[in-house]
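Beneath this line is the structure, given in structure tokens, with notes to follow.
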Amino acid sequence: MSYTPGVGGDPAQLAQRISSNIQKITQCSVEIQRTLNQLGTPQDSPELRQQLQQKQQYTNQLAKETDKYIKEFGSLPTTPSEQRQRKIQKDRLVAEFTTSLTNFQKVQRQAAEREKEFVARVRASSRVSGSFPEDSSKERNLVSWESQTQPQVQVQDEEITEDDLRLIHERESSIRQLEADIMDINEIFKDLGMMIHEQGDVIDSIEANVENAEVHVQQANQQLSRAADYQRKSRKTLCIIILILVIGVAIISLIIWGLNH
């Protein structure tokens, strides 16, 4: 499944695509778990294991695609009025994606363990030593040499067949792919961790701005209070001056009136 970059820069469509992928990842994880439960039962078959591998790889690709979509969503331009709502939406998508990835990685690890157990059983039944064969040609040459020098020996438990080798190499290839996919998911978790960290920085910045705003408000209130006090004192002083002037005028008027009479 290939990644289709963007949806015309429309945040609503991009958010819908992300939500849809998250739902698919969750559903695929459930299906992978159901398939894992069938391994080692009468329903187990090479076809079932192939379906398991394909489903796992498809889900892994969905996870990579969703990671890119979320990054794109976070980089979309936004107006100040939309910023808060956009951040809430992104936080929700990141949280849902993290939950779905956690469940997916859990079944990934289970699948890898099942494959390793299968290889171990085949090796044990075929008397194959070592963990992972580095050179399959050596084992094939060994089988050929044993078949030529001991054609009469037909003890199945002590021989490794071509089918055994094929199964071992297929399963080991599957294990390596699973481990690589698990590492891919780990990288996505790191990306999500960085997003959460950046969101924390934004929150810290917002809180700092709020605190600064509160300080400025307090300072402004103090300045207003001082201004009000000054204004009250000014009015009081003005009233006293006016009163003195009135009294002075009255005294002068009385003196003038007395002189005239």
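Cβ from N, Cα, C; glycine included.
The following features are taken from Swiss-Prot:
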type	residues	note
TOPO_DOM	2-238	topological domain 'Cytoplasmic'
MOD_RES	Ser2	N-acetylserine
MOD_RES	Thr4	phosphothreonine
MOD_RES	Ser45	phosphoserine
COILED	47-69	coiled coil
MOD_RES	Ser75	phosphoserine
MOD_RES	Thr79	phosphothreonine
MOD_RES	Ser125	phosphoserine
MOD_RES	Ser126	phosphoserine
MOD_RES	Ser129	phosphoserine
REGION	129-148	region 'Disordered'
DOMAIN	165-227	domain 't-SNARE coiled-coil homology'
MOD_RES	Ser205	phosphoserine
TRANSMEM	239-259	transmembrane segment
For this session: Find the shortest Cα-Cα separation between Ser45 (phosphoserine) and the modified residues Ser75, Thr79, Ser125, and name the residue that gives it.
Result: Ser125
Problem set entry | Ser75 (phosphoserine), number of other Cβ atoms within 10 Å | 7
Exercise. What average pLDDT is reported by the model for the topological domain 'Cytoplasmic' (2-238)?
Worked result: 77
For this session: Measuring Cα to Cα, tell me the gap between Ser125 (phosphoserine) and Thr79 (phosphothreonine) in whole angstrom.
Result: 66
Exercise. By a simple count of other Cβ atoms within 10 Å, which of Ser45, Thr79, Ser125, the modified residues in the record, is least packed?
Worked result: Thr79
